[in-house]
Amino acid sequence: MGDTVPPPLTQGVGYGVVVGLGVAFALGMVWTTKRLKKSFGEDDKSTETFMVANRSIGTGLTASAVISSWTYTSALLGSVYLTYWYGIALPIWWANGQSVMICFFAVLAIQAKLKCPNAHTLLEIIKVRYGTTAHVLWVFLCLVNNLFGFASMLVGAAASVSALTGVHIIASTYLLPLGVVVYTYFGGLRATFLTDYIHTFIIMIILVWFTIQVIMVDEIGSIGGLYDAIMRLPASQVVEGNHKGSYLTMTSEESVVFGIIHIVTNFGIGFAADVAAAVPGYILGGNAYFSIPWAFGTIVGLAALVLENTPGFPTYPRRMTHTEVANGLVLPYVSQAVAGKGGAAAILLILFMACTSVSSAQLIAVSSILSFDVYKPYFNPKATDKQLIKWSHYGVIGFSLIASSFATALHQGGVDLNWLFYMLGIVICPGTFPTCFSLLWDRQTKAAAIISPIVGMISGFVVWFGLAYRYSGTITIASLGGSYPCMFACVTSMFVPLPLSIAISYMQPSRFDFKKFRQIELVNGSTDIQMHGDEVYFTPERVKYMKRMSIIAAIWAAATFAGHVLLWPLPMYGARTVFSRSPPDIDSEGQTPVHGPSFRRQKRQASVYDAVAGRLNAHGFLPSAPYASKYRDTTSSSFRPVRPEEVLFRRQNAPVRYEESDFYFAHETLPSDRPLPSSDLLESVHAYSADFYDNATQDHGHDDYRSMDETALIAMGILIEEMAAESLGETGDLVLVEGEPISFEDNQLSSQTARTFGRKRANTGQSHILPSSGDDLSSVVKRTKRSKKRRLAHQQIPTTDIDTEVDDRS
């Protein structure tokens with residue numbers, strides 16, 4: 001296969017999802033908005049409904065909106081490809097970096113509700129406390145934040161849509177926000193929350209389905225199988241900076257670097273939640289979100305390392321290039337290898353939904369800024385509802401065009417998703433601590449709020465450019481995307497404002513009265529605080545409840561940080577160990593107790609008989625002693641026997657012409673001291689199968705010559721039936737006899753018998769060579785005509801319990 005990977009889906013499918021599905025969701029949300037207006041009297045022409053959904057969003061919608069707002073397309077793509085690069089530590093750092101921040105936002109959300117219940121945006125709070133200069137600065141910071149966040153999402157999503165469908169990347173960049181613009185234009189934040197709920201529901205279902213599909217693919221089969229496959233990777237395939245170069249270690253230098261960089265902020269949704277819903281919604285959303293990059297990123301990222309070396313992978317026989325990985329194409333490629341066109345369509349769907357969910361929230365945030373923080377205070381202080389809605393609509397349309405154009409410029413300039421991941425914090429982090437102080441600390445002065453973020457951003461850019469030049473000797477896109485320049489720049493950009501703000505504030509100390517935040521007015525004066533005054537809204541019971549929720553939020557945020565970072569995985573970084581399988585339990589006598597199915601030492605090689613009898617898996621032999629069905633392990637794949645067709649051959653991803661070694665593909669999964677033997681049994685399987693299908697099928701077994709996986713069980717059944725009486729006596733107790741430990745004397749006797757049997761076969765002129773399926777099998781068929789004349793129903797043979805027991809797994 002060449003360097004260019006053909007898309008698995010057509011352009012028609014791509015345009016159908018990006019445009020058709022987007023418009024369908026838009027029309028659905030417009031209809032829902034109209035029904036809400038008719039049934040509940042919600043006015044979509046009111047700014048309170050359009051911007052903050054009348055502050056009546058409950059816990060469930062808040063939690064789903066939180067998950068949806070943080071489930072960027074870049075999160076789905078990034079957690080996978082960075083795991084592919086750096087191993088299992090990376091998705092954990094990704095997950096805890098965002099989960100901790102989401103839970104911390106609960107503190108800000110309840111504080112905002114307590115101190116400024118009428119605020120539409122964060123910027124209104126800044127203007128009331130610090131004045132016009134600080135307000136203009138924060139408008140710039142918030143717009144830049146949203147622009148870079150939106151653009152990075154479009155860069156990753158557009159590249160994936162193009163890879164999956166062949167749609168031109170620039171076309172997908174402009175078309176992806178189209179449906180979002182329509183339903184945000186008409187429905188406002190209420191439509192955004194409802195759409196987030198639907199999108200989150202669908203995304204979670206597909207993520208669970210796809211993760212299971214990846215685990216159950218033939219090349220993996222289970223979590224244990226994935227571990228084994230990673231351990232079998234070539235010795236040359238190591239991760240620089242990881243302990244022993246392993247993908248299965250938490251001692252990963254690059255993962256920790258990324259964990260430090262991965263600090264992002266998002267405040268918009270907190271102002272739209274009801275007091276009772278803000279804290280539970282953020283806590284539920286924050287902890288539920290953890291599983292997405294952790295579980296999904298780990299499974300799919302590691303699976304990519306395994307599947308990349310199989311014929312079904314789109315880039316086979318070459319590995320993915322750095323450009324393909326950096327553009328986030330690992331997930332689309334794995335979807336094709338695992339589930340073909342269906343998998344590609346599923347990933348296309350969730351990428352589209354993740355993109356639209358996040359972009360809708362950002363469009364609402366930007367439209368709020370343009371209407372409430374630009375148009376109203378500086379152009380029309382007495383703006384009406386109708387005028388503010390109009391400017392909000394302008395903001396939705398204008399920002400989508402600007403962001404799409406900016407994303408296109410980044411793509412044309414050679415900037416990929418990975419570069420944006422690493423540098424994003426330099427731009428959006430300077431205002432983090434000054435923003436928190438504006439809500440939580442009454443001593444931060446106006447000068448501190450203005451100077452500290454400016455100095456922080458300038459310092460971040462100086463460190464960024466300086467270290468890029470120091471590490472590479474030049475300043476280019478590539479050198480600026482280095483992990484260490486970006487990490488130190490992000491840390492500088494975020495933490496320089498912290499001591500600077502405190503120092504400046506104490507130079508001219510003053511205290512701010514948080515009650516001034518109540519000067520923020522609603523446009524239509526429809527809430528309790530406007531209609532009845534502070535004494536109604538801030539009742540003693542309500543204030544007490546809000547303070548209690550604030551304490552709960554703070555405790556939960558601290559506990560999440562301690563549990564997700566300090567207690568684990570940070571100590572694992574210093575452990576300098578590689579994860580291994582759990583060792584078996586050892587009793588006081590040094591023996592391994594048997595609990596249901598367990599392993600047993602053997603003194604002989606594994607044979608195909610073991611697989612047919614269900615006595616063998618990739619790690620050794622299963623016990624020969626019979627046990628009741630209720631004690632069988634029907635869920636743990638670590639005890640799953642190797643299926644006969646796994647031992648012999650498989651059709652999926654098979655080469656055009658088969659070699660003898662192809663029939664031993666499971667050979668590598670067995671212990672080195674128990675390889676599958678080269679025996680006459682496999683030759684017999686071919687002979688029986690070829691003879692049977694030569695007479696039983698219309699094409700005379702043409703297809704079955706080329707693939708024995710569908711005939712192996714039939715052949716084995718015939719073979720075992722005949723061989724049981726001849727080789728194992730009249731009882732035919734195959735399962736109990738074979739697999740038992742044998743003595744040295746028995747082994748010698750068995751070897752002598754085998755040599756005698758081999759001489760007899762040699763004297764009859766029969767070949768011991770296993771024929772390739774591509775060879776002429778006519779001679780094999782002729783040698784086995786005798787088998788057709790045999791009676792397939794021999795005398796009744798006594799059976800044992802284990803012969804007749806029904807396996808629960810079947």
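Even glycines carry a Cβ here, placed using N, Cα and C.
Per TrEMBL, compositional bias 'Basic residues' is recorded for 782-793. The region 'Disordered' annotation in TrEMBL covers 761-810. Annotation comment: TrEMBL describes 12-31, 52-72, 84-110, 136-159, 165-186, 198-217, 256-276, 288-307, 344-370, 391-413, 419-441, 481-506 (among others) as transmembrane segment.
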Looking only at residues six or more beyond either end of the transmembrane segment (136-159), which have a C-beta under 8 A from one in the stretch?
72-74, 77-78, 121-123, 126, 169-170, 172-173, 176-177, 264-265, 327-329, 351-352, 354-355, 358-359, 362, 365-366, 369, 373-374, 399, 402-404, 406-407, 410-411, 415-417, 420-421, 424, 427-428, 430-431, 435, 450, 453-454
Residues sitting near the transmembrane segment (198-217): Cβ under 8 Å, six or more positions beyond its termini, same chain?
25, 64, 67-68, 71, 223, 226, 292, 295-296, 299-300, 303, 307, 334-335, 337-339, 343, 346-347, 349-350, 353-354, 356-357
Return yes if the transmembrane segment (84-110) and the transmembrane segment (391-413) have at least 3 CB pairs under 8 Å (sequence gap of 6 or more), otherwise no.
no
Beyond the flanks of the transmembrane segment (391-413) by 6 or more, those residues with Cβ under 8 Å of it:
47, 50-51, 146-147, 150-152, 154-155, 158-159, 169-170, 173-174, 176-177, 180-181, 184-185, 188, 359, 362-364, 366-371, 375, 383, 420, 477
